[in-house]
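Asker: Sharing a structure below in structure tokens format, with a few things to ask.
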């Protein structure tokens, strides 16, 4: 039994007093707010702690402008994959093939651009088309034939790795023309000048902060208008200030290095788009419904097959985006490209709070999960920790993250 | 003292933020059938979990005296070793294992070298089965048995553990009347063999029939213990204890004024999805606006199958027959199409098929009609909150917020969320499958009131129920279904339980 307010009392309340009550609930229940969102807020706290820890252990090198830029460039493709993966996982599936798809799409692009001499964007478009085709293939087997995604994508992992070898004829291709390389290694710098730092990067940072504040405020106003509980106003301000400070610090550091990485713009657009898609569109909501209770979704008229199909098409598309970024960054295509990427993407989604049983997870959570992995890898590399130890640590973090999730769920289950 | 097998004293159990049990007392005499009644959330199941060691000693306050000594169980194994066995409402059988394997699960009959002696196990299982009156081969996989027989397997399993105090949580909730009667008979026989029985049940009819004493719980406290041998304990008396007030009437009054026909099916035949037999055979029925039509049938008669096959062919294969909505023939080939035609089906199993328990009230209410809230694929979140709040107010859904996960609500409030979902989907015909299963008396009354309001607003409602009094209480007309065939159509004024039961058992031979 949760403690429930008496509904009759609420009905009689005037809008003003209800509003006040709503505000009041927010203030007085900071603790419940925190505990209820522990699952979500927990990873943010963990992220901050991990960043602080490695910043100290690397004598601040971790947060140096050059290194921050490096982290962005180095892990962007994993984050792109994690966006698609968290959607797959929310729907209760898994995709083990994304590493192979990264390799295949990169290879197709490389063959066209490097071997055949097509211009750079032909390669990109071809990669995206291949990615969508791969997604449609896997979506067909999962959605319409009803084979578990684990099997379909395990087969896909072998299948697309084999096709990569075929396409590349077992050799590496290199180098890409400079336009293609700019996708992953290019920067927007000096567009509107600056003294020793890039004003444009700071401007984009400021716009992002403003956007975050405005959209947060609008949601809040709407919630209050509909008498929904919200966090207290000081808490809201504190949250906006904290997030704003982090973004601006990040932008400031980037501005002092090489400016705004193009890949960060791509990533930012994708994160924004998919956050909205998962939260605010019918498609997104149906993904959560399918993962939360498949039968109930079916009996509520959700076209489960169609939704599942498009989930995999989307995963294929994002794998192709990651394939382009990776091939651009490594300046070529290799038969072994993208090996084990799927595991990093899956780990990012789970560390970011996605539930093993489906129905729970967020794009932003997966991004933070991916960044936790990224900061740990990068930090340990800076400290010169052996590869073997790095692997052990990452494995343990994944395990603990999911254990924490399960512990939380159990606690939530008994407390009612 | 020898007369008492179990005494629980001053049991207090708190969960973070909630007190589930407060100073509860329970005294059970040896060799009696002791019923525990109370609304959902009164603390019945928690009390049994304390008794059986699911909540280990130390996690609660109070004292348990069993067979003259104070006991402290740290788990279900401890209590079982003392002969206390609990059978939960959701049966704990492994579907693909055989009857014998299930009976001796965790308690295997070992032979030489620690290997399982299957001959001995099967032989012992057979004798246990005969003692519960179940004629089945012990090597039959449990999945091939009906719920009633599975229940008997659970009891055989309890007997194999040399049970002295058997606890049954809602044993007849999923059973039809024949199976229920059989089970109650068995409990009487066990009592005569000296096995004490504690039974939790919502079905007051069977409690008054079988129990020797009744303990009533309300809001985590013991209200009273009634001895049945005094002879003046009626269902109304028990209900008064449970709800703390007299229900003027079980069923709210309604004036019936049916309008035009909304839904009709003709010659509706459905085949079992995997087996070669007809589940529904040539059924025909109709329902008019402002009318409540009941479907009565025993377990396995094809009630749910009929409903789900009409609801966008969500059950069965090779469905033939004609479906008319407002006089026009329609082909509802998918759930989405059925919803478009204004048909809604609220399942008998809310938690598995009706709701997304980890999502909040808001998202569950809008789940079947997101299209209404969206433009070009974008959901209007504010409008959604408004709709959810309206539903909460109109149907009196008790929750602190529409952002609360549905899994945290009580059964009655979950059912109201299901109804809200279909009301928001603009359903003209609501097929309600066991709408009050697992719901306490007060919430049942609310559900009936909602049904009345729906028909008053011109909706057509079909109610499927195992409880005949419920059908008699809420319907205008009742169809009886037996072995997939409609065997009768009775206006409620002419219907009696006996008459309906006769029609429901009319056609016993296998169809197809």
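Using the three backbone atoms N, Cα and C, a Cβ is placed for every residue, glycine included.
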Asker: Looking at A:346-376, A:377-407, which one does TrEMBL call transmembrane segment?
Answerer: A:346-376
Asker: Scan A:75-94, A:95-114 against TrEMBL and say which stretch is down as transmembrane segment.
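Answerer: Matching range for transmembrane segment: A:75-94.
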Asker: Kindly point out the range from A:287-306, A:307-326 that TrEMBL annotates with transmembrane segment.
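Answerer: My reading of TrEMBL: the transmembrane segment range is A:307-326.
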Asker: Does the transmembrane segment (A:43-63) come near the transmembrane segment (A:346-376), with 3+ Cβ pairs under 8 Å (pairs 6 or more apart)?
Answerer: yes
Asker: Quick one: do the transmembrane segment (A:199-221) and the transmembrane segment (A:141-160) have at least 3 Cβ pairs under 8 Å, skipping pairs fewer than 6 apart in sequence?
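Answerer: Contact between the transmembrane segment (A:141-160) and the transmembrane segment (A:199-221): absent, because fewer than 3 Cβ pairs are under 8 Å.
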Asker: Per the 3+ Cβ pairs under 8 Å rule, pairs at least 6 apart in sequence, do the transmembrane segment (A:258-277) and the transmembrane segment (A:233-252) touch?
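Answerer: Counting Cβ pairs under 8 Å (6 or more apart in sequence), the transmembrane segment (A:258-277) does not reach the transmembrane segment (A:233-252), since there are fewer than 3.
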Asker: Between the transmembrane segment (A:307-326) and the transmembrane segment (A:118-136), are there three or more CB pairs that fall under 8 A, provided the residues in each pair are separated by 6 or more in sequence?
Answerer: yes
Asker: In the same chain, which residue numbers or ranges, 6 or more beyond the ends of the transmembrane segment (A:307-326), come under 8 angstroms Cβ to Cβ?
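Answerer: Non-local partners: 76-78, 80-81, 83-85, 87-88, 91, 93, 95, 97-98, 101-106, 109, 123-124, 127-136, 138-140, 142-144, 149, 183-184, 263, 266, 270, 283, 286-287, 290, 337-338, 341.
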